[in-house]
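As recorded in Swiss-Prot:
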type	residues	note
TOPO_DOM	1-39	topological domain 'Extracellular'
CARBOHYD	ASN11	N-linked glycosylation site
TRANSMEM	40-60	transmembrane segment
TOPO_DOM	61-83	topological domain 'Cytoplasmic'
TRANSMEM	84-104	transmembrane segment
TOPO_DOM	105-111	topological domain 'Extracellular'
DISULFID	CYS109-CYS196	disulfide bond
TRANSMEM	112-132	transmembrane segment
TOPO_DOM	133-150	topological domain 'Cytoplasmic'
TRANSMEM	151-171	transmembrane segment
TOPO_DOM	172-206	topological domain 'Extracellular'
TRANSMEM	207-227	transmembrane segment
TOPO_DOM	228-258	topological domain 'Cytoplasmic'
TRANSMEM	259-279	transmembrane segment
TOPO_DOM	280-290	topological domain 'Extracellular'
Amino acid sequence: MEVSLNHPASNTTSTKNNNSAFFYFESCQPPSPALLLLCIAYTVVLIVGLFGNLSLIIIIFKKQRKAQNFTSILIANLSLSDTLVCVMCIHFTIIYTLMDHWIFGDTMCRLTSYVQSVSISVSIFSLVFTAVERYQLIVNPRGWKPSVTHAYWGITLIWLFSLLLSIPFFLSYHLTDEPFRNLSLPTDLYTHQVACVENWPSKKDRLLFTTSLFLLQYFVPLGFILICYLKIVICLRRRNAKVDKKKENEGRLNENKRINTMLISIVVTFGACWLPRISSMSSLTGIMRC
């Protein structure tokens with residue numbers, strides 16, 4: 001069976017007595033300054049993420065209730081998925097990094113990776129729906145116009161699909177003491193300790209799942225979004241090229257440009273930030289290295 005370690009502090013593969021795919025803790029433990037910086041970074045992300053996302057949700061659903069539209073509701077959904085990661089994943093990762101072993105039980109071991117995968121899916125599919133709405137509004141203004149009701153139905157479908165797509169993560173993670181069995185440390189510090197690891201029947205099964213996940217959760221959605229915004233940019237340039245423009249139309253074009261710039265920035269940031277994580281999940285071996 002292939003087993004890979006979901007451990008925040010990367011370690012090299014042990015070569016003692018077997019071909020275990022776990023990590024050897026002695027040779028790759030991060031130095032204290034690096035560990036401190038990592039924990040500070042996680043803490044800042046946790047605080048800013050919680051405060052920023054919750055504030056945005058409150059503004060959209062409380063202060064701007066009458067001005068709600070398809071895009072604002074989907075942006076609130078993005079914030080909700082990010083808040084879920086802050087609540088369910090980040091602080092567990094901080095403690096796991098500091099302690100080098102898992103203390104939160106089997107259920108939380110499964111849930112943290114599951115929730116993170118669900119959050120990625122919810123975020124990317126929310127961006128897909130937003131791109132569709134912008135496309136219809138700008139490129140095909142006389143066609144179908146997504147409404148607030150459509151947004152809520154879309155969010156329901158997004159969450160259902162994301163929850164189903166991420167089930168293999170919940171099923172594959174478990175607790176084991178194997179990474180600690182062959183340590184040559186002169187201490188019993190890791191005796192009876194366990195790590196939260198990913199366990200697949202075979203490399204082929206893992207490769208099939210991670211490749212499918214990469215396509216469904218990252219490559220195909222971002223490609224679709226890119227095509228939508230490319231057509232939007234082309235359409236806006238053509239409209240700007242027209243000489244006969246009314247001032248109100250010009251103002252509307254500027255507003256669309258502002259919104260599109262913001263949404264494109266969100267997409268680019270999402271793609272850049274999640275690419276390392278997606279790539280590591282989709283690697284052939286699935287094993288983290290130094």
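For all residues, glycine too, the Cβ spot is worked out from N, Cα and C.
Ranked by number of Cβ pairs under 8 Å to the transmembrane segment (40-60), the listed stretches 84-104, 112-132, 207-227, 259-279 are led by 84-104. Within its own chain, the topological domain 'Extracellular' (105-111) is flanked in space by residues 88, 92, 169-171, 173-175, 196, which lie at least six positions past its ends and keep a Cβ under 8 Å from the stretch.
Touching of the transmembrane segment (259-279) and the transmembrane segment (112-132) is concluded from the presence of at least three CB pairs under 8 A, sequence neighbours closer than 6 excluded. Proximity of distant same-chain residues to the transmembrane segment (112-132), defined by a Cβ-Cβ separation under 8 Å and at least 6 residues beyond the stretch ends, is recorded for 6, 70-71, 74-75, 77-78, 80-82, 84-85, 88-89, 92-93, 146, 151, 154-155, 158-159, 161-163, 165-167, 169-170, 173, 196, 198, 213, 217-218, 221-222, 224-225, 228-229, 263, 266-267, 270, 274, 277-278.
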